[in-house]
């Protein structure tokens, strides 16, 4: 058991600290779209061909690495890290004959980290009035020093490493070993490492390869929708009732929308299904390799439309053949698994305390594709149930914790979600397209809303008498507080006694709740009675919470 736990913690650690690669690449995906448009226009337009070709090269060699380094630096040091990272990577760009995508993804965060460390050490020694000068000086100093290091040391070193990586890729190509990559690729994808692998490994290598050969097969390895489609088609026809309900919509979302995460839960519910995408992906890659096809730029998201858009016209048949064959192989293997190995369905419905939920975030790995669909579906169900709780979507790595937050994610990311937001409540779905599971969640929220609407205290909790205590003749705030509480009680139709008393003459009632302001001088006298301390008797929001949530809630 300990070994299993340690492996699980290792997986969560890798997800948490390797997501930086995909987070750097994802905001800059639009560069590849622009690159594809320009590459498509070069053979069509009768303008200056040389100028267009140079602009295409400039995107790969200058714009992309600089923006990646800027993004990476800004992720670590939000204010000046981006500028320093862009300065630093320029030294590497000028000494390399290859697009330094990998270098930018390393140098950007490194520059931001060094700048942050420099500020932490020296900022406390800066005299008042010189802060702006120090900030500009430190950003320029770190950026300039790393520029020189990259120009003379790291740039030539990474240039040599890039050449060696090409030799390795060529070796895989010549030895027909690319299909074997799927033995590792598909299991990692299902564990939600797909964005990290695609944008952190295949995209940088593919960009460098495409700059030489015009296309790269690496862009097809992870983006091929065939393996996932085969699994989904098999689940639509031969899966359990629960699987069939979500597989149809999931297949459409993956094929057209390019969101691969939608098929991961179907494999996680039946781990033997992983054999299907492994064999399907390997077969598809073999067809791609046999046909000598590739894409001009990354297909992101990995939909069939994005793939064909980035495919040269003369390679369409080879790419479509690879996708089709991988779909068929994956389908038949999944059919065999589903036919001869059935699994018992497990309910994803958990015991969730909904009384504190004020906002909902649907979270996935990248925070863009599948979570956006999930948030849209949940919003629709909440509107139909007349529940007004704001719903948003985000990356699981960018979640902000809070007791009033409900985080919804797929079960495969559940442990990581709980690690990132330990105070929040969590609801795990088998699939972001599982309508029935949203309906279950909405029922829980609806029940809680009706409970609040009825405005009753916790079960078995007696509504107390509320007594505002004052000292001496200072009782103006207490008088206003009594009026405020009575008004709230009348609005909510709660029969409750509210009054103010002098601390010197009061007879303490063990069934009453005493309310005082934080500057109350005789706080020691309240040791043996139930009391609530507020910052301000007039402006506090505790009174309505007391009426709707109960005494235990406000005293917690």
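Cβ coordinates come from backbone N, Cα and C, glycine included.
Automatic, uncurated: that is what TrEMBL annotation is.
Checking the ranges 247-269, 316-338, 339-361 against TrEMBL, the transmembrane segment annotation falls on 316-338. Here the domain 'PTS EIIB type-2' (358-453) has a mean pLDDT of 80 out of 100. Where the transmembrane segment (137-158) meets the stretches 83-107, 272-295, 316-338, the count of C-beta pairs under 8 angstroms peaks at 83-107. Helix first, then strand, then coil: DSSP counts for the domain 'PTS EIIB type-2' (358-453) stand at 47 helix, 22 strand, 27 coil.
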